[in-house]
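Annotated features in TrEMBL:
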- L9, G97, S128, V129, L179, L239, H264: S-adenosyl-L-methionine binding site (BINDING)
- 1-254: domain 'Tetrapyrrole methylase' (DOMAIN)
Amino acid sequence: MLYIVGMGLGDGRGVTVRGLDAVRRCARVYMEAHAALLALGVDDDPSSRLAKLEKLYGKEVIVAGREMVAEEDCGDRILREAAGADVAFLVVGHPFGSDEPSSETTHTDLALRAKKLGVGVKVIDSASVLNAVGACGLQLHRYGEAITVPFFTETCKRDHFYQAIVNNRWLGLHTLCLLDIHVKGPVSECLCRGNKAYEPPRFMTVNTAISQLLEVLEMRGEPEPAYDEDSLCIGVARLGSDDEKIVAGPMGKLVDLDFGPPPHCLVIVGETTLVEEEMLEFYMVK
C-alpha cells in the first residue's frame, strides 16, 4: 500500500492521528524535497529538525528530490517498494491541495502510476492553505478561483493570472494568491554545459507579490483595472504555525510591511459581509 499522507501546516505536528498511525506502521517513509523545505526550514539546521521529525514519527524519513518522484526511473523505486510493503509519502498540507501546482500534479501522477501497477493507494488528508486561510476572517465559500503569482524575470513577466482576478472581482469574490516557491531550480548556464547545478531555494514574499501585481497594472494600462494601490488585501505568513502573521490593509501599505520568514500568501478582498468586516478590523494595519 502507498500512503500519501498530508502533514498539515507549520511543522510535522500538523499530521492527523490517522496519518501518524499510518506512518508508524509503514516499512519506509519518504518526504518530497518541496515538503521538506517547508517543514524543516532553510535558515536553521534542517538536519536537526529532521531528527526531531523522525523522533516524533518513530521512523527514518528519506527526503526524496522532485526527480525521484517525477521521473519514471526514480519514482518507480517508491512504487516497487509499495508493491511489497506499506510505504508512506509525506506531503506538506493536503496531498492534493498543495500550495504549489507542480507539486499537486506530481502527487497525482504518483497515485495514478501506483494504481496502474496495481498498488493500493490510501490518501490521508490534513489542513492546507486552501482551507486554513479561513483564519483571516473571510468566509471560504466567498472565495473565487485561486491563482499562483510566479516570480518575474528580466525576460519573462507572466500575467496570465490577471483575468482570474478580474472574474473574481466582477463576482464580488475574494482571490487567494499562492506565491511562487523555487526548489532546486536548475541553473541554465550549467545545463548548457551538461552539468547539474541548482539555485538556492526562493520563497516569494507578500511584498514581492504586491510589487509584481502593481507592475502588471502598468504593463496592461487598463482604464478600469481589477485592483490598485488602495485595494484591500490580506497578507498572511506562516499560516498554521505558532507565529503566523495576518495583516489586512491597502496594497500600497502592505507592500512595505515586514511579514517575516516564509511561506507567505496573499488575499485580494472582494465584497465583504458585516461579519467579515468585523473580523478584518482585528487584522487591519495601523
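From the backbone N, Cα and C atoms, a Cβ is placed for every residue, glycine too.
What you see is a predicted model, and the numbers here were worked out from it, not measured in a lab.
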Look at each of the binding-site residues, L9, V129, and point out the one with the fewest other Cβ atoms around it within 10 Å.
V129
The largest Cα to Cα distance in Å among the residues L9, G97, S128, V129, L179, L239, H264, listed in the record as binding S-adenosyl-L-methionine, is 16
Please work out the number of neighbouring Cβ atoms within 10 Å of the Cβ of G97 (S-adenosyl-L-methionine binding site), leaving out its own Cβ.
18
